[in-house]
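Colleague: Sending over a structure as structure tokens; questions will come in a sec.
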Amino acid sequence: MSVDMNSQGSDSNEEDYDPNCEEEEEEEEDPGDIEDYYVGVASDVEQQGADAFDPEEYQFTCLTYKESEGALHEHMTSLASVLKVSHSVAKLILVNFHWQVSEILDRYRSNSAQLLVEARVQPNPSKHVPTAHPPHHCAVCMQFVRKENLLSLACQHQFCRSCWEQHCSVLVKDGVGVGISCMAQDCPLRTPEDFVFPLLPNEELRDKYRRYLFRDYVESHFQLQLCPGADCPMVIRVQEPRARRVQCNRCSEVFCFKCRQMYHAPTDCATIRKWLTKCADDSETANYISAHTKDCPKCNICIEKNGGCNHMQCSKCKHDFCWMCLGDWKTHGSEYYECSRYKENPDIVNQSQQAQAREALKKYLFYFERWENHNKSLQLEAQTYERIHEKIQERVMNNLGTWIDWQYLQNAAKLLAKCRYTLQYTYPYAYYMESGPRKKLFEYQQAQLEAEIENLSWKVERADSYDRGDLENQMHIAEQRRRTLLKDFHDT
């Protein structure tokens with residue numbers, strides 16, 4: 001939260017929010033079980049302790065390159081021994097079936113020949129087309145070569161060593177690992193690594209090939225993910241692959257295990273991809289909403305937002321208002337935190353295509369503006385965190401307490417960032433959500449979370465005006481709101 005460039009804020013009006021307050025224009029709905037749930041949510045926040053169930057709890061392990069390689073090697077040697085195949089072929093089979101050994105063994109017992117066909121290490125007898133070229137003839141360079149210089153996979157499509165070398169070298173230079181396949185048209189067979197390595201002309205290419213193979217092995221493994229951090233060699237291992245938050249213990253990168261993108265709960269992986277693509281396509285929208293200034297709705301003075309809190313106070317007239325909707329903050333909380341909920345036009349389906357297009361744009365802008373606003377608030381609150389850190393250092397240096405005495409201030413700023421990050425990703429979720437009782441429940445929880453986050457942000461930015469107990473109580477409420485929303489809606 002902030003005001004004009006020279007202003008400081010004062011205490012907020014922190015009123016309780018009435019979940020049953022609805023706009024008069026909206027149709028009256030039978031609340032049914034939802035109203036009971038609203039009451040339950042409010043009581044849950046007060047009853048749950050700090051050790052309450054965390055819906056984001058997720059067990060994972062960070063592995064080094066050597067540890068990952070060792071785990072992969074163990075799977076490979078075990079499978080090769082059971083199936084009586086080479087280590088290279090065993091790896092191709094494992095890649096094709098995402099390293100799920102039990103499934104591979106079941107398929108092998110059921111139909112071993114079909115397993116090898118599906119893994120692309122043996123040709124399909126019903127579809128295999130043998131070479132039509134004369135003996136000792138390379139089908140690529142069209143040259144006659146000595147028999148010992150002709151090489152082929154299990155498909156028996158023969159090509160000269162020189163053509164194989166060029167084929168493999170070009171693909172490795174292009175970043176291909178496991179994906180190197182037979183040169184014959186429409187032949188799906190993949191080349192085992194023990195076939196490729198002797199064909200690479202120098203150690204530099206062989207080193208690249210090893211890296212690409214390792215990358216492909218990890219990416220195909222259902223329990224492993226490469227850390228997306230810059231130049232980070234770590235691998236994350238889990239027991240159950242899900243769209244959950246993981247953090248590398250080497251570079252501290254935080255990401256979604258399932259899609260390796262920025263963590264995005266409660267929005268699922270497919271939805272966040274759609275949303276980010278849409279935002280990128282509508283780049284002009286970002287320019288339209290990029291302004292950091294708005295006019296005070298009471299005295300019209302230009303106000304700059306240089307803090308994360310959306311509770312604004314004009315330095316000139318002391319009017320308290322919401323940055324997002326410009327509504328009076330005194331009544332803001334009593335109106336179901338309305339500015340977080342989009343009011344759709346129920347008659348839009350009966351209107352013209354142009355009207356529907358305008359409504360679609362209006363809806364998108366509503367959600368995008370809030371998404372972008374919370375992103376900016378996170379950046380501004382990161383600066384607040386640094387100021388708190390510096391202030392604590394100054395107090396400790398002046399013998400005004402120890403780090404332990406003031407640690408709660410940093411904890412509050414960290415929790416604020418955690419809660420606001422979750423809130424930011426509720427907007428893509430709501431944008432794509434179908435209208436109905438479940439969306440109304442989601443919007444209620446979203447509004448409750450947003451209200452408590454703004455209360456926490458206000459207090460963090462004015463920590464000297466609040467005692468420790470008040471701040472920690474607000475932290476507890478905000479975190480429980482966040483956990484309640486994720487428990488009910490982060491189900492991927």
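Heads up, the Cβ atoms here are built off N, Cα and C, so glycines get one too.
What Swiss-Prot shows for this protein is this:
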type	residues	note
REGION	1-37	region 'Disordered'
COMPBIAS	1-11	compositional bias 'Polar residues'
BINDING	Cys138, Cys141, Cys160, Cys163	Zn(2+) 1 binding site
BINDING	Cys155, His157, Cys182, Cys187	Zn(2+) 2 binding site
BINDING	Cys227, Cys232, Cys248, Cys251	Zn(2+) 3 binding site
BINDING	Cys256, Cys259, His264, Cys269	Zn(2+) 4 binding site
BINDING	Cys296, Cys299, Cys314, Cys317	Zn(2+) 5 binding site
ACT_SITE	Cys309	active site
BINDING	Cys322, Cys325, His332, Cys339	Zn(2+) 6 binding site
MOD_RES	Ser352	phosphoserine
Colleague: For a quick check of understanding: among the binding-site residues His157, His264, which residue's Cβ has the most other Cβ atoms within 10 Å?
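Modeller: Of His157, His264, the one with the most crowded Cβ is His264.
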Colleague: Quick one: Cα separation, Cys141 (Zn(2+) 1 binding site) versus His157 (Zn(2+) 2 binding site), in Å?
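Modeller: Taking the Cα atoms only, Cys141 (Zn(2+) 1 binding site) lies 14 Å from His157 (Zn(2+) 2 binding site).
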Colleague: Round to the nearest Å and give the CA-to-CA distance linking Cys251 (Zn(2+) 3 binding site) with Cys259 (Zn(2+) 4 binding site).
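Modeller: Distance (Cα to Cα, whole Å): 18 Å.
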Colleague: State the Cα to Cα distance, in Å, between Cys187 (Zn(2+) 2 binding site) and Cys138 (Zn(2+) 1 binding site), rounded to an integer.
Modeller: 16
Colleague: Within 8 Å of the Cβ centre of Cys138, Cys141, Cys160, Cys163, which other residues of the chain have their Cβ, at the recorded Zn(2+) 1 site?
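Modeller: Other same-chain residues near the Zn(2+) 1 site: Ala139, Val140, Met142, Gln143, Val145, Phe159, Arg161, Ser162, Trp164.
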Colleague: Can you figure out which of Cys138, Cys155, His157, Cys227, Cys299 (the binding-site residues) comes closest in space to Cys269 (Zn(2+) 4 binding site), comparing Cα atoms?
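Modeller: Spatially nearest to Cys269 (Zn(2+) 4 binding site) by Cα position is Cys227.
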Colleague: Going by DSSP, give the three-state secondary structure for Cys155 (Zn(2+) 2 binding site).
Modeller: coil
Colleague: Just checking the binding-site residues His157, Cys160, Cys182, Cys232, Cys256, Cys299: which sit within 10 A of Cys322 (Zn(2+) 6 binding site), CA to CA?
Modeller: none
Colleague: Quick check on the binding-site residues: of Cys163, Cys256, Cys325, whose CB has the lowest count of neighbouring CB atoms inside 10 Å?
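Modeller: Counting other Cβ atoms within 10 Å of each of the binding-site residues Cys163, Cys256, Cys325 gives the minimum at Cys325.
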Colleague: Name the secondary structure element type, per DSSP in three states, that contains Cys187 (Zn(2+) 2 binding site).
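Modeller: DSSP assigns Cys187 (Zn(2+) 2 binding site) to coil.
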Colleague: Through the lens of DSSP with three states only, how would you label Cys256 (Zn(2+) 4 binding site)?
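Modeller: Cys256 (Zn(2+) 4 binding site) sits in a strand per DSSP.
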Colleague: When DSSP states are folded down to helix, strand and coil, where does Cys269 (Zn(2+) 4 binding site) land?
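Modeller: Reduced to three states, the DSSP call for Cys269 (Zn(2+) 4 binding site) is helix.
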Colleague: Can you tell which of the recorded positions Cys138, His264, Cys309 lies nearest to Cys299 (Zn(2+) 5 binding site) in space, using Cα positions?
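Modeller: That would be Cys309, nearest by Cα distance.
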